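Chemist: What follows is a structure written as structure tokens; I'll ask about it next.
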Amino acid sequence: MPRQDPAVTPELVASHGLKPDEYQRILDLIGRVPTFTELGIFSAMWNEHCSYKSSRLHLRALPTKAPWVIQGPGENAGVIDIGDGEACVFKMESHNHPSYIEPFQGAATGVGGILRDVFTMGARPVACLNLLRFGAPEHPKTRHLVSGVVAGIGSYGNSFGVPTVGGATAFHMGYDGNILVNAMAVGIARADEIFYAKATGIGNPIVYLGSKTGRDGIHGATMASAAFEEDAEAKRPTVQVGDPFTEKLLLEACLELMRTGAVIAIQDMGAAGLTSSAVEMGAKGDLGIELDLDAVPCRETGMSAYEMLLSESQERMLMVLDPQKEAEAKAVFVKWGLDFAIIGKTTDTLRFVVKHEGEVKADLPIKQLGDAAPLYDRPHIASPALEKIEAAAIEPPLSNAGALALLLATPDLCSKRWIYEQYDHLILGNSVETPGGDAAVIRLGDGPKGLALTTDVTPRYCEADPVAGGRQAVAEAWRNLTAVGALPRAVTDNLNFGNPEKPEIMGQFVGCLTGIGEACRALDFPIVSGNVSLYNESSGKGIPPTPSIGGVGVIADVGLAAKLAFRRAGDAILLIGDTEGWLGQSLYLRDVCGREAGAPPPVDLAAEKRNGDFVRELIRAALVSAVHDISDGGLAVALAEMAMAGGVGASVEAPANVPAHGFWFGEDQSRYIVATSPERALGVLAAAQRAGVPCRRIGETGGAALTLKGEAAILIADLSARFEGWLPDYMAAAL
């Protein structure tokens, strides 16, 4: 006997996240009351997570093209040409809400999902990165969330067999009720063997691949498009459950299948599951899709059409198959022990038709499920400008040596070794620069060429001045890639914001995108993929605006990649870039002086490019022994990191024309520290002058301590103890 679907009522519509005007739009579009299954389909396809209804208008203004861009936004992942017939495929995506509800599985399936986005394009994953934001350390849930998220990321990546090579982790009370878990994956493919999601051909079979479908993750995308209240625990069933070993089998089976020529189009079943993947493939190819859900492999009995369509069970793919190669394709998946089921076909009707148990459960216009989704030009208000804080107006509460010692043992600046040692960053044997440097560096194959990878954002800058913060997020990623000697090539972004229905939040979003676009254009650093995560809000309070940037650069010879560690005594230490001593929104002002205030440091994009290009040439010419960009904590923290990494001390001096605490801890942008031999230092200084690059000698390496002239020397061993001690002590509940 056919099951009875619930009646579509205003309450049911509201529970699906659809506003009254959006429901009226559905009625006008299809000319009738939708079935329960159709309501679920619209809810999935028109939610913020899938439709980008609040952000699409502004995303269009971002720069996405360059001669080396093969595929920009709109596919599973972005693709760039990296030479020698190879392409780099990469994307960053959020799994914020699920990771707060169930940190281990939420983070693990975030990794699994982004890996599928990459290998769906025909690329073999070679690296993962992440960007994590947790609440205040003293918040009662923070330890639990850190522990679960880190374990989930490590478990999935390690089991799947891809190294997690880099990331960025910080803490702030603004994330108490909404943590951020942004996962990035990078893969390598032949540039002429990229696979896309666009279906072609009428009557071609649609094939379900991978794991069986269960009830986990139903309405995961809808949940990710809503603000959190106090009922987060009740949403636990919306969190997917991952199996990295099955995903590894799926990877190998898909790559083998792609070599047979059987694949016409392929799409990961991610957010909104079977619904989204089927609709996207059909709509991109201007084709209809007809599904027979009786053929869907299920691991639970009695699943309804609604449940099968909206399940976000992991490790699943949907493919349009060349009908002449069905037997060959099936044999591949049988060999790998995975499901292979023909569940439908392409049609010329431009309709999305779903059948189950002899009934038509859905019959909808396929293009309108995506193209007719609401598109909002939401009201937005620019953030008020904050005044510049002069360093001379700040009374230092500690000596500069004391402030440095304090900063190195703070949650944001301390070593994250406790985190990255839970990730296998060597599993493929391709890691050249391991976690802890400016950017991760991996070797490609047996040759000298490599990739540099980084994730960056400074939310306190974005909150104080969204445009400047957006510029800085991109500039910081570009600078980190440059600091290891890479040529920055492209960006993936992950835009994490609060409720876009609030004009001040939408203003943050628009401002950050303005700054991001300006920086990407100025630095020739196009955006090729990304993700938007809105409604990161709990109890009416949004998170700090966090537009995460994932950067990818190419290194011609990884043997020349620069490292941040001081290598030997007697080297000259040179500071590249102008230093005014900018303390507004600095960690010194926040963690030493107890103030979050002032305008953030401006980013002069012309100076950023000029200084970075100069540093990259120094690295290529092998003129420097160590390089480090200057960011959080300023010059003194960067020097300490270089000294601790190499076990070599330094003696450095501030100029008389900048207040000392501003010189050591100001977060002025576009700056690097380089170390070079004394005999080369004069040549570097002269070359900088010719290039119009500010460069000054501030000291030399040597000894077992870091000495800021006029201050007590601090032993490197003491700095390291503070730097390495905070996070393990915190996680052991010793603080």
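Any Cβ shown, glycine's included, is placed from N, Cα and C.
In case it helps, Swiss-Prot gives these features for our protein:
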type	residues	note
ACT_SITE	H49	active site
ACT_SITE	H95	active site, proton acceptor
BINDING	Y52, K91, D493, G530	ATP binding site
BINDING	E93, N531	Mg(2+) 1 binding site
BINDING	S94, H95, N96, H97, R116, Q240, E312, S313, Q314, S533	substrate binding site
BINDING	D117, D268	Mg(2+) 2 binding site
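What's the neighbourhood like for these features in this structure?
Modeler: H49 (active site): 25 other CB atoms within 10 A of its CB, across all protein chains.
For H95 (active site, proton acceptor), applying a Cβ distance below 8 Å and a minimum sequence separation of six or more within one chain yields G106, A107, T109, G110, G113, V181, N182, A183.
With a cut-off of 8 Å between CB atoms and residues at least 6 apart in sequence, the same chain places L59, P73, K91, M92, T492, D493, N494, L495 near G530 (ATP binding site), listed in sequence order.
The DSSP secondary structure for E93 (Mg(2+) 1 binding site) is strand. Within the same chain, residues at least six positions away from E93 (Mg(2+) 1 binding site) with a Cβ under 8 Å of its Cβ are G110, G113, I114, D117, N182, A183, M184, N494, N531.
Under the three-state DSSP scheme, R116 (substrate binding site) falls in the helix class.
If you draw a 10 Å sphere around the CB of D268 (Mg(2+) 2 binding site), it holds 29 other CB atoms from the protein chains shown. For the recorded site, D268 (Mg(2+) 2 binding site), the DSSP three-state label reads strand.
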Chemist: Y52 (ATP binding site): which of the binding-site residues S94, R116, D268, E312, Q314 is the nearest Cα neighbour?
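Modeler: Checking each of S94, R116, D268, E312, Q314 against Y52 (ATP binding site), the shortest Cα distance is to S94.
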Chemist: For D268 (Mg(2+) 2 binding site) and R116 (substrate binding site), what Cα-Cα distance in Å is obtained after rounding to a whole number?
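Modeler: That comes out at 6 Å between the alpha carbons.
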Chemist: Between S94 (substrate binding site) and H49 (active site), what C-alpha distance do you get in Å?
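Modeler: Roughly 10 Å, rounded to the nearest whole number.
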Chemist: Using DSSP and three states only, what is H49 (active site)?
Modeler: helix
Chemist: Around K91 (ATP binding site), how many other C-beta atoms are within 10 angstroms of its C-beta?
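Modeler: The answer is 29 other Cβ atoms.
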Chemist: Pick the one among the binding-site residues D117, E312, D493 whose Cβ has the fewest other Cβ atoms within 10 Å in this structure.
Modeler: D117
Chemist: Rounded to whole angstrom, what's the largest C-alpha distance between any two of S94, H95, N96, H97, R116, Q240, E312, S313, Q314, S533, listed as binding substrate?
Modeler: 20
Chemist: Cβ neighbours within 10 Å, counted over all protein chains: which one of the binding-site residues S94, N96, Q314, N531 has the most?
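Modeler: Counting every other Cβ within 10 Å of each candidate, the maximum falls on Q314.
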Chemist: Considering all pairs of residues in Y52, K91, D493, G530, annotated in the record as contacting ATP, what is the maximal C-alpha distance expressed in whole angstrom?
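Modeler: Farthest Cα pair among residues binding ATP: 17 Å.
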